[in-house]
Amino acid sequence: MMNCCVQTNVTDDGKKIIPPTKPMSCAKSWLQEKTRKTFKKKNLHKRIPILRWLPKYNSEDAVGDLVAGITVGLTVIPQALAYSGIAGLPAAYGLYGSFLGCFVYIFLGSCKDVPVGPSAIVALLTFQVAHGSWQKSVLLCLMCGIVEMLMGLFGLGFLIDFVSGPVSSGFTSAVSLIILTSQVKNILGISAKGTTFVEIWTEIIHNIKDIRASDTILGITCIVVLLIMRLLPSCKIGPKEPHLRSKTQNVINKIIWIVGTSRNAILVILCCIMGVLLHSYHEGTPFKVIGYIPQGLPSFALPPTHLSVNETLTGKEETFVDMMRSMGSGLIVIPLISLMENIAICKAFANGKPVDASQELIAIGAANIANSFVQGFPGTGALSRGAVNNASGVRTPLSNIYSGALVIISLIFFTPYFYYIPNATLAAIIIAAVVFMVEVKVVKPMWRAKKSDLLPGLVTFVACLVLPLEMGILIGVGLNVIFILYSAARPKLSTEILTTPGGTEYLMITPDRCIIFPSVDYVRNLVNKQSLRNNVPVVIDASHIYGADFTAATVIESLLRDFASRRQLIFFYNLKPSICALFESLSPTEFVVYYQEQQLDELLKERDYSQDKLQTVGV
């Protein structure tokens, strides 16, 4: 409810006279207050992080960002070309979504290590939602950006907490296998349609007779070369300690690291040259190539909101409402998965510092909105590029300007040469990257720590392989929520027979968590069962009960009636005052709470209780 301050006068008899207020003056007052809070220095630095680090920017930061930006740019160009294929789109669309969002993230991003652009997981989700339609992919980019922006503005970054580690691992592993599977057809040089793991493999087996030897040999060779080059960044010559190495050794190590880090770009350039040399005007190239990519930057325009008959797979015209309906749950799943990937980068290189998930949602959302106007499909920060960014010595988000500039340069000058890049080479780049995303290593520690956590992870993994990805992740999250609710509905109660300082035995029952509506009947039955078995005064230790609700209060009332009917004493120990007031308001029978251990003897004495008396009654 909106309140505004008004001046009050007082009559002769002391009564206040409140003058009538105008709605417009109240709205103006509220708007002024909101504006004052919004433009506070602290809030501006939080929502526009560039204001925090730009005034401190120096020459060392500039050099670090330049090196990191160029290194990431050499990584993002081949990845963008490859990830377009995962999304079922022409190669150009990956480049279109790799430059404008980078510039936007500089102003709004809170993490220096995040390079915004296409990612393998989001590309696959885009394919499953848009089915290879560039119009729907671009509109999906806009809508996901709007959803991410709204989630960030309303502080909904906490939603990522509902995706547990096992569910995340199961989802990532399944996605990796699906992406790997989707690229097998390019390695073999055959066609295979499908969106799920089972569908794609069925098509591959059906078309295996059409395998092309040249593509297969090239693809397998590229995978082996990439896996070998992946080891180069960890190879060092000379002593282990950098300060003990000579200048020549440090230079050689740096060159080895650059070659290993830029392996994707190097391989693409070499295979592109090979494609040019082997190209024949009559027979073409001996392997399939990505083909024509329009030269120059894309036009700046509003994303398509209507599909004609010739632009749809069904042959029916689709309005904006039809396009939105076809996207379904992807409008929620893709923003959440994008946030998951982005936060994974932030946490990996935050060195223990807190990560503002809501601000990252705003930054990714704004980047996707911008990308949609230059025909990009949804993107986010990719962990592989984030690792390269960090290892390259990135200092601020300004490094994005250099990687984005490289993409622009490639679109203006080099796209005619991209024609000759083999599909098998891009497929090898994807396979060599995603094969390490299958999280097999988490199974063993999870089994040792808590075996039940394997179930939601395994269910998510299987569901994502068999069903569309958005359904798989929703099933995993749903199962995880059921586990949480079951845990809340079945709190653990520890029981032990203790003796008061006066020598009286009593039963101490200690719930390990709050008492809310799913668990109250379970707790009541257990308390009654244990109290009947021991037939001594009962004390409920409420030290861990930090919350309760109306249903809990009504059940506590029933519990007190149960004890009163059999004339057995029950007390509550260390119950929080707010919960005490709630329980007391609904308890017509005696409700006793104490906070010091020695008080228990006094309470028993007041009620004329003796151990012999109760034992006699029990007999």
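Using N, Cα and C of the backbone, Cβ positions are placed for all residues, glycine too.
As annotated by TrEMBL, domain 'SLC26A/SulP transporter' applies to 64-455.
Residues or ranges marked as transmembrane segment in TrEMBL: 62-83 (among others).
What TrEMBL records for 114-131 (among others) is transmembrane segment.
What TrEMBL records for 138-160 (among others) is transmembrane segment. Here the transmembrane segment (138-160) has Cβ contacts under 8 Å with residues 97, 126, 129-130, 303-305, 323-324, 327, 330-332, 334-336, 338-340, 343, 356-373, 375-379 of the same chain, all six or more residues outside its ends.
Residues annotated as transmembrane segment in TrEMBL: 216-234 (among others).
The feature transmembrane segment is assigned by TrEMBL to 255-278 (among others). Same-chain neighbours of the transmembrane segment (255-278): 71, 74-75, 77-79, 81, 218, 222, 225-226, 229-233, 235-237, 285-287, 289, 388, 391-392, 417-418, 420-422, 425-426, 428-429, counting only residues six or more beyond its ends whose CB sits under 8 Å from a CB of the stretch.
Proximity of distant same-chain residues to the transmembrane segment (330-350), defined by a Cβ-Cβ separation under 8 Å and at least 6 residues beyond the stretch ends, is recorded for 110-114, 119, 121-122, 125-126, 128-129, 140, 143-144, 147-148, 151, 157, 159-160, 163, 168, 171, 324, 357, 360-361, 364-365, 368, 378-383, 386-387, 390, 469-470, 473-474. Feature annotation from TrEMBL assigns transmembrane segment to 330-350 (among others).
Feature annotation from TrEMBL assigns transmembrane segment to 401-420 (among others).
Residues 78-79, 81-83, 85-86, 91, 120, 165-166, 169, 172-173, 175-177, 179-180, 183-184, 186-187, 219-220, 222-223, 226-227, 230, 264, 267-268, 290, 384, 454, 457 of the same chain, all 6+ positions outside the transmembrane segment (426-443), place their C-beta atoms under 8 angstroms from a C-beta of that stretch. As annotated by TrEMBL, transmembrane segment applies to 426-443 (among others).
Feature annotation from TrEMBL assigns transmembrane segment to 455-486 (among others).
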Report, as numbers and ranges, every residue of the chain located at least six residues beyond the transmembrane segment (62-83) whose Cβ falls under 8 Å of a Cβ in that stretch; write 'none' if there are none. 91, 94-95, 97-98, 115, 117-120, 123, 258, 261-262, 264-265, 267-268, 290, 382, 384-385, 388-389, 392-396, 398-407, 410, 418, 421, 426-427, 429-430, 433
Averaged over the whole of the domain 'SLC26A/SulP transporter' (64-455), what is the pLDDT? 87
